[in-house]
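Asker: For reference, the structure I am asking about is given below.
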Amino acid sequence: MFPSEQNCWFVRKVIYWRAAASIAWAVLLLPPFTAAFVLFSRFSLFHPIQTLSECLAFLTSASAIFSLILLSGVMVILGFLNLEYYTVVPTIACSKIELLGQLLHPRQLANSLICCIMGVIVAWCCAITTGSRYDTLGSMCPQSDGDTSQMCLNEYHLILLLGGAFVGLSHSLLGVIHNMNYVSFNTVQQYKYLCVKGSLTTVVKCSATQALYSVRSFIIVYFFFGYIPKAWICKTLSLQLDNSVHPLDSIAGLFNLSLVYHLWISASFLLSTWHFTLLLFRIYVTEVYNFPVQSSFTEDVQQCLPKVLSEKQPVILKFMALQDLALLSQHSPSRRCEVFSLSQPGGHPHNWNAISGECLSLLTELNQRLVSYHDSVATNGRAKSLSTASERKTSSETSVTSGAEDPMSPRPTLLLKTPVSVFARTVTGTPKSPLTAPFTPDLDSPFTSPTLRRLTTPAEQCSPWSGTLQSPHVMRRGVKLWSTPTDPQVNGSPSSSPTSVPSPKVQPSKPSLLSQFLLNRREQVKGFLAKRVLIMYLFNKLPEASSQALFADSQAHIWALEGLSCLVQASFSEDQFGVVQTTLPSILSCMLTLQEAVDRHFKLPHASSKPVRSSSSMEDSTHKTLRFALRATLKTAIYRITTTFRDHLKAVQLSPEHQKRLQQFLEYKE
């Protein structure tokens, strides 16, 4: 989504300049990386002084300067790619086929092609730097006897170029798999110099490790398919093969420690420079930006914090505004006073209303998302029609009344302490209640399975299975679903209405032969695919990834919780006009409702398992643990409010359920 004209100021004046600064520093720090590569590629243990003199002579040569110019161009292009593909909300694939679709996306294919070309350019610069037998692609054939027209292929130079293309391609693909374009915000604020200094060792280590794995994979690929590019290059450039040396696509040719070392050091140089450019981009883009709370000039109103939060903005702008809100609510008393101030004239708390309203809408949206996810999990991913609020209320009252009249009847499920939006059901009603909609199929549909039709067809009145079942063994044979409602008449509880008008029976229409034929063929295809391991491996959902995708943007909710709770805490002594007291009930209700939904989510099987953090790549695994950070922040935010107001919260109007839950926080039992 492109930014509108009102917020283009942020993209032009902040993001573009920060990206340009990161690219400039990457280019300025490229000579030290190049000097280190020249030293390691030409190093000789037996002639150290001669190695140093050769390195100094090469660094001042024209070929080294030309290589630096090419590498600088690669850094600039890479910086533009980082600016184009970065995101603050990672795209998490919930299945293998979805991940494959991301890898084969045309936009990603273009990125992979550009990375391959840049890898070839960097590898060519490395070959020029290394010199010796890696210098040129063609060389004089030893059997030519002075004939300069016969040129042979220098396979060492070719394998170095192909290695650079392979490393560039693998870097692009791993970037999609590990979400390396994801930019996270640091919890602890540091100066840029300290961030770069602390992460430089990690960059070098991760680059060397990833280069080692990439070289291993490239050697295996070149062993099986190396003859294809070699034959194509020889045919295109009219080069001959040198039969006096072992071909490199053989075991004897690839078992060369010097070749493996130069492949590894070249790949390490490529990845370290690229990872360092990505590191600088992350540090510069996520730097804190201070938004003014209010302004006296009309043209600057669009840049104020309440206006930025309340309007549709780019995601990066929204995140920075929420980050600034969390910081000012904790460390800036003067800016907090501006949040609590009243407008003149009029005396309205516009700043507080805009900030609190946006934070509450974010938390409410997350709560609705969690409820929808729990509903889909409860119904095995099938659509579910929810009953209206009036029906749920009437059903709840009827259930409690019936339970009080007949203590021997089974306790209805509505008495369980679970959210009403998920498990509130109608226990009295017709066979087509809203609860049974996902589980009772439409028998009139031609796509209904014959087996399921036999299971769901009611028994005839003259059948011995109809009426009241006397044997408990017979009751065990009944087809039960864990979420199917229990008929109150079967359980012995009275009906909700004394008189019920029987609905006329509708005779199901028989499906046509064509519909039955298509249904049988569909079932056969589904059964055939379900037995194929590869198909199930690609299409099966990943529960851990689904939970991570649910909380992918939870960093914004964490800042909203911190900002709201700290502002409410500070209002106890700093809010002179009492603007926070008007929204305190809605804030507490929203937090308590969200806390209940988050607790229910962590009761799912795969939600509470922490992923293992990878230490061999530049992957930012912060998004994998956002749900744990959100749960801790939410509980801390509620405790921050309860420990500040204490007994004053008894005067806040809340629902009985929320008052009971809030009392647990007041007694430190959560």
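Yeah, the Cβs are placed from backbone N, Cα and C, and that goes for glycine too.
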Asker: Between 429-450, 451-472, I'd like to know which one TrEMBL lists as region 'Disordered'.
Answerer: 429-450
Asker: Given the transmembrane segment (55-81), which of the listed stretches 20-43, 109-130, 158-177 has the most Cβ pairs that are under 8 Å apart from it?
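Answerer: It is 20-43 that shares the most Cβ pairs under 8 Å with the transmembrane segment (55-81).
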Asker: Relative to the transmembrane segment (263-285), which of 20-43, 109-130, 158-177, 211-228 accounts for the most Cβ pairs at distances under 8 Å?
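Answerer: By Cβ pairs under 8 Å, 20-43 leads among 20-43, 109-130, 158-177, 211-228.
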Asker: Taking a Cβ cut-off under 8 Å, which residues six or more beyond the ends of the transmembrane segment (109-130) line up next to it in the same chain?
Answerer: 34, 37-38, 41-42, 58, 63-64, 67, 70-71, 73-74, 77-78, 81, 85, 157, 160-161, 163-169, 171-173, 262, 266, 269-270, 273
